[in-house]
Amino acid sequence: MAKWESSSSSNLAFQLPQWMQIQLTEQKQEFNKRPGKIGRRSFSRSVSQSSTDSFSSAASESDSSDDEGTPRDKVQKNSKGNSDFSIKNIKQADFGRREIEIAEQEMLALVALRKRAQGEKPLVGAKIVGCTHITAQTAVLIETLAALGAQCRWAACNIYSTQNAVAAALAEAGFSVFAWKGESEDDFWWCIDRCVNLEGWQPNMVLDDGGDLTHCIYKKYPHVFKKIKGIVEESVTGVHRLYQLSKAGKLCVPAMNVNDSVTKQKFDNLYCCRESILDGLKRTTDVMFGGKQVVVCGYGEVGKGCCFALKALGCIVYVTEIDPICALQACMDGFRLVKLSEIIRNVDIVITCTGNKNVVRREHLDRMKNGCMVCNMGHSNTEIDVASLRMPDLTWERVRSQVDHIIWPDGKRIILLAEGHLLNLSCSTVPTFVLSITATTQALALIELYNAPEGRYKQDVYLLPKKMDEYVASLHLQTFDAHLTELTDDQARYLSLNKNGPFKPNYYR
């Protein structure tokens, strides 16, 4: 497996395993393959028949969820008689399978990784418990991990983002999935508990998105950490929690910080949000963007993506920021930097992207104008103080799925989307190709932690090696028929670089 030339965590020289050392010409042959006539017909049928299903799974399934009992109350079985799952409706499995097949068309790099590594099966013996968004893209990742030898049990990290048909397809394929769109808070923790607490099965790897799974194990099942070899975390919220545990000396196992990897920050956070912010707002409110005044709270990669997209459609965009570096970037990109209190009376849309808590408080909500839309693009639902809106003086009125009017005594109303949860995955979908980059990074991080010899990683939080970041990027270049320039020997010596990389130092972000 992957090797390091030095055991020092501050200066690790990463060496790719044999199966990852791929020549670009080989990649090109892989990506240039086209399906035959049967494959084309199948894909065409999937697109035409599943396009509406995709909208339904992303935006409309919760409409019926209130009318039926919780899936916790009923026992379902797949076609093989297995009942170790809890989902909305196993009968949706065929539709979910088509969704997954469509996602695979845009996740060719992850599929290529699956094909190249499954001969070695680097995850044989791995028992992975996961808590992420359960979408078609995540399903491709889960099935890739299984193809590489892992056993998987999965719950959702967000109560609104699960695509029910995809969860059904995974359950039909034999995966233990506990998730449905529109879970209650109690359902959410029950699903995580069912993933972890199974007699005769104990996880040895954790894949988390937000830190709730790690928190649950730490609080309820601390003995499980004795068998766990590592945690892979992809969100800013979850990474913050890991660093807090590490600082307090309470982190029991090594953890890989995927959120701050270059492939996550520069692609998923930026490009994914640049496209999905518009999709989420359009699907829920049918808003016309031209001329709207919008304030975006936070100018990290997520905030940048949102601002660029909104500006391109004619919005007047303001930015709030605590970091002077990000603030200066916003100013030089042409956005006006303000305090939220200065602009809150005038804006039409408020978007939070900070990963912090109580960014939009009741004092701001009280001063918003009639019809102002409020939503969150950060992982956690703590950025908007929704609890302050659940007071006797205010009235909640459900408009449609994920859209609520909050009405003040004087008749003023604001529009709250997804009750402050993550807008794009709660109210729409996200670009599959970008998620392929993140999913491939997660898979490699799991492989590295699981196969690392004892002592390579301490009980601390680690960043992804640059060589692995570059490998993930190279896998995806062939989708664009891109051709990398190669350094000459003389150029490589001049820059003191290996011709095959890494081309950036470990501190590069």
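The backbone N, Cα and C atoms fix where each Cβ goes, glycine too.
The feature region 'Disordered' is assigned by TrEMBL to 27-83.
Annotation comment: TrEMBL describes 34-43 as compositional bias 'Basic residues'.
Residues annotated as compositional bias 'Low complexity' in TrEMBL: 44-62.
Per TrEMBL, substrate binding site is recorded for Thr135, Asp209, Glu234, Lys264, Asp268. Within the same chain, residues at least six positions away from Asp209 (substrate binding site) with a Cβ under 8 Å of its Cβ are Cys131, Thr132, His133, Cys157, Glu233, Glu234, Ser235, Gly238, His379.
If you look up TrEMBL, you'll see 269-430 marked as domain 'S-adenosyl-L-homocysteine hydrolase NAD binding'.
Gly300 (NAD(+) binding site) counts 20 other C-beta atoms within 10 Å of its own C-beta, drawing on all protein chains shown. Summarising the annotation, TrEMBL assigns NAD(+) binding site to Gly300, Glu301, Val302, Gly303, Lys304, Gly305, Glu321, Asn424.
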Review point. Which of these binding-site residues has the least crowded Cβ, counting other Cβ atoms within 10 Å: Lys264, Lys304?
Key: Lys304
Check your understanding: Near Glu234 (substrate binding site), how many other Cβ atoms are within 10 Å of its Cβ?
Key -> 26
Exercise for review: Work out how many Å separate Lys264 (substrate binding site) and Gly303 (NAD(+) binding site) at their Cα atoms, rounded off.
Suggested key: 14
**Study point:** Asp268 (substrate binding site) and Gly305 (NAD(+) binding site), Cα-Cα, nearest whole angstrom
**Key:** 10
Study note, to complete from the structure: In chain order, residues whose C-beta lies under 8 angstroms from the C-beta of Val302 (NAD(+) binding site), counting only those at least six residues away in the same chain, are Asn269, Leu270, Cys273, Cys353, Met377, Gly378
